[in-house]
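*Asks:* What Swiss-Prot records for 26-45, 52-98, 180-202 is region 'Disordered'. Swiss-Prot lists 49-53 with the feature motif 'EAR-like (transcriptional repression)'. According to Swiss-Prot, the compositional bias 'Basic and acidic residues' annotation covers 58-69, 190-202. Summarising the annotation, Swiss-Prot assigns compositional bias 'Low complexity' to 70-82. Swiss-Prot lists 180-189 with the feature compositional bias 'Polar residues'. Annotation comment: Swiss-Prot describes 209-313 as domain 'PB1', evidence class sequence analysis.
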């Protein structure tokens with residue numbers, strides 16, 4: 001064939017170098033069948049039901065598309081180049097060459113189109129990622145980084161759909177009545193109650209005992225006296241005389257009764273407060289100290305007295321005798 005073109009003086013073209021178009025027709029038929037099968041497989045995969053997150057299916061589709069593109073590139077690279085075609089002595093017809101040309105350009109065009117589309121998709125994804133990173137960096141510099149809309153919607157829907165979360169009580173758990181007691185003690189008091197407490201504090205502290213024990217030397221039986229009904233030492237002295245006069249009359253000496261002495265009881269109780277009589281009134285305070293009755297004001301005496309005793313003057317210490325009573 002080359003000799004014929006040399007005789008005519010014309011250079012050979014690409015289509016005249018292809019000896020036979022049967023192989024290209026077979027490849028074209030195979031390519032169309034493979035495309036049809038691939039499309040059917042893609043449709044089956046799209047209609048297939050799978051369990052997973054929403055973004056997983058998109059990732060799988062992208063991976064499948066990348067695998068298809070790589071497979072097509074490998075097939076195109078494995079095909080023989082134009083310069084390696086074998087030469088045959090048989091002449092070729094124009095019909096075979098046109099069919100081979102169409103099949104070859106269809107395969108190459110589809111491969112290039114798929115590769116360009118995947119390249120554009122990857123570039124767009126890269127641009128979106130870079131823009132998103134730049135926006136996040138700018139927001140962090142400004143000091144405000146809002147959460148994504150999906151998370152915000154989830155947070156906003158949670159309090160509406162669910163009830164209020166109970167407060168943590170710690171471990172071990174506290175019983176309900178103990179928790180109520182602690183909460184009740186922490187509440188502030190009402191203003192009226194606070195005013196009443198302030199008034200009570202302003203008043204002088206006066207510990208008033210309803211009844212105080214009183215004993216007398218020589219009489220084994222004690223008595224009790226209410227200090228609230230008296231307002232002075234003189235009234236208290238007369239009350240003590242009335243309490244123990246009957247006991248003294250029962251225990252008086254027979255010699256005094258035979259001699260007919262009268263008014264002995266009056267002499268006994270005449271000097272209870274000043275210490276000039278046979279007996280003297282002594283009290284014991286909160287600290288346990290013994291003191292003569294009448295040395296402090298009456299109100300203070302009532303608030304501090306713990307016990308009363310009528311003692312003989314001969315048994316008193318010399319420091320206590322001769323104190324001036326307070327009336």
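Cβ coordinates come from backbone N, Cα and C, glycine included.
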*Asks:* What is the three-state DSSP composition of the domain 'PB1' (209-313), stated as helix, strand and coil residue counts?
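*Replies:* Going by DSSP assignments, the domain 'PB1' (209-313) contains 40 helix, 30 strand, 35 coil.
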*Asks:* Restricting to the motif 'EAR-like (transcriptional repression)' (49-53), report the mean pLDDT as a whole number.
*Replies:* 67
*Asks:* Helix, strand, coil residue numbers for the compositional bias 'Basic and acidic residues' (58-69) per DSSP?
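*Replies:* Split by secondary structure, the compositional bias 'Basic and acidic residues' (58-69) comes out as 12 helix, 0 strand, 0 coil.
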